[in-house]
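Below: one structure, written as structure tokens.
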Amino acid sequence: MLPVTTGISPPRRARVGSTSNLTRRLGRQAGTPAAIVLAALILIGGISFLLHNRISDEEEGHGLHVVSSKRRSLADDSGGSGSGVAERIQLLAEGAELENDRMAQLEDEQQQEDSDSELSGTLFGAKEGVKLANGQQVAAMAAKTGARNAANSRTRSTQFQKASPSRFAKKLEETRHRVGLQAASRQRYSAIVSSFPSQPEPAVEELSEAEVARRREAIKAAMLHSWRGYEKYAWGQDELCPVSQQGKNSFGGLGATMIDALDTLHMMGFHEEYGRAAEWVRSEMPLNASFDASVFETIIRVVGGMLAAHDMTGDKVMLERAQQVADRILPAYNTTTKIPLNIINLATQQAKNPTWNQRASTLAEFGTHQVEFWRLSQSTGNDTYAELAEGTIRHLHKGWPQQGVMPLFISPTTGNFTARRVSFGALGDSYYEYLLKMWLIKGRQDEMYRSMWERAMDEMINKLVFTSREGLTYVAEFDRSIIKHKFDHLVCFVPGMLALGAHSGAVQGAKAERYMQLAADLTHTCWQMYHRMPSGLSPEYVTFSAQGMKVGAAYNLLRPEALEAMWYMWRLTHDWKYRAWGWQVFQAFEAHCKVEAGYSGIKDVRAATPVPDDTQQSFFLAETLKYLFLLFSDDSAFDMDEWVLNTEAHPLRTTQPKQEEQQHERQQQERKRWWWPPSRSKSGGGLISGSDGSGSIAR
Ligand code: DMJ
């Protein structure tokens, strides 16, 4: 078990089970009916406190910090676990304000002592039963709706046939053809699926150069396959639907896949394909589509993709287009606090926030503009972009100087946090990534970013990192005062980030060693999320309980984070197991996701023959295949000092620390690099297209 984790094993169970346990335990220990009645009253009080305790914007700001210190002081007051229950009851009765947190504290203690409780199993079973019943109800409703829809579509089709028999016949033929293709490809791939071995441990061995090259070529072929499908069926649109063989616009109609793929095509040496895509950007990219686009997605995929293409090739048109798109996004910053809104219509430039989170701005969304806007300002000489993006981080730094981990939602009107939820997965993730990457891209000199990142990592480690009974380390979530033992695949970016921070000197010495160890442990968990599934593909998230790891949401979107972690870990340790794991993941994509026109996400990773979701996410080309390619390339394919990958894996050029400082820093690095072999990369080597050296050096 990690010395840096909170080391609670098994993980704490969800509150629903433990509250009843608490009542039982209080009754059992105090041994009197009066104590049972009092405990029940307190429980009711606690529940009504929970129900009525709505925290306002203004009070929420320091939420996490305050809660943690309250919980710590309770632990101190109560004299540790095992102190008299009567005193604790007294304590509970006295402090109405702290009641909720004290209840939680007692529950936590009780859970640890009573980890094998049958009651929890029963409650768990009951919950599952309710879910099942709900599921059956939903299925019955769906069947009813399905029958109604089928009847409607039969009527429509008869009307269509009567009105226009020849068009109907043509349409029928097209549909038959498409369905036939789909069935053929499903059959073809399910054949591979059924012969897919049931997850053997991959052999960890040093591969010959020829074998590494063979694997690299297979990954390049996968890139070409996904690109060709996109070119053929979805040209100019955001994403390919590889099963129905058409395109769709999900990100503002700016050709997200086209732009996301640019630098991967270039790195892999597919210059003709790159050329066609670049020409589309030059002469056809529409800037005026009236579509509510995500500010975050547009920045990381479109602006980031074009900035990377500019940095790699020097093509000025890429920079111009990146600036044009960024200019259309800037009105999102027109708020009283200058915290940007999440959504913008690129044609009307009207910005707004969604209603589902009370019109708050989201941490990962406003906290993931900085790297692109910094690079854009540097490349254009216009400081506006960098200043605006940095302003939001300064706001957090000034308002919460002692806090590392930040809640997910902030009001763009008051500048205060609006909820106590914390996550390193969805809605929070890349805010933390960009604290580190801003420090890197600015030449490792801006202490604000580095210290905010270090504080965040330390708080994450102290409060949210757990190890399950089966020995899997994970990062949990936090909601109000409850720890949720849920681990998104998205969180698998954390190990890569920790390793990069330790490698680049953002933290030093023993702390760097701890970060590196945690990175290794988390990468192992991410690998297990693939390895334990019948399909060999990870679900979207897992949960941890006393029973161990369990699938949360079963779908797989072809996400890159686990491969990102494997690449960073390979690159910084040269441990062959990371290449073995990555190759196994790639083979699972080949077996289950490859269809005639590209690669599709799947709906359930537990199925032996998974059903495709008919979407080839643009990040599959930008990130997933790029990390795989880098995993099987020489270190010289990517110089980690000169380039930083944005959150969509688009390489942007860093500002180099001054020569002497760099020299000094390198010497320091060499001295403390005792847990991994010295980097094999040649200093000064640029980002080259094709690790076989076939491409030109992009500088
Ligand atoms: C990508 O668009 C980016 O990596 C983003 O930061 C989060 N997730 C997706 C891929 O999973």
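For all residues, glycine too, the Cβ spot is worked out from N, Cα and C.
Predicted automatically and left uncurated, TrEMBL annotations should be read as such.
Listed in sequence order, the residues of the same chain lying 6 or more apart from T647 (Ca(2+) binding site) and placing their CB within less than 8 Å of its CB are I300, G304, T368, V371, D429, S430, E433, Y434, F493. Positions annotated as Ca(2+) binding site by TrEMBL: T647.
For 89-116, the entry in TrEMBL reads coiled coil.
Among the features that TrEMBL reports, compositional bias 'Polar residues' is placed at 150-164.
Positions annotated as compositional bias 'Basic and acidic residues' by TrEMBL: 658-673.
Residues annotated as compositional bias 'Low complexity' in TrEMBL: 689-699.
Every protein chain considered, the tally of other Cβ atoms within 10 Å of the Cβ of C526 (disulfide bond) stands at 28. The feature disulfide bond is assigned by TrEMBL to C492-C526.
Per TrEMBL, the feature region 'Disordered' maps to 1-25 (among others).
The region 'Disordered' feature in TrEMBL is assigned to 65-84 (among others).
Positions annotated as region 'Disordered' by TrEMBL: 148-168 (among others).
The region 'Disordered' annotation in TrEMBL covers 654-699 (among others).
Taken from TrEMBL, the feature transmembrane segment covers 30-51.
Secondary structure of the compositional bias 'Polar residues' (150-164), assigned with DSSP and counted as helix (H, G, I), strand (E, B) and coil, comes to 14 helix, 0 strand, 1 coil.
In this view, C492 (disulfide bond) is surrounded by 29 other Cβ atoms within 10 Å of its Cβ, with every protein chain counted. Ligand 1 lies under 6 Å from the Cβ of T647, out of the recorded positions C492, C526, T647. Look at T647 (Ca(2+) binding site): DSSP puts it in coil.
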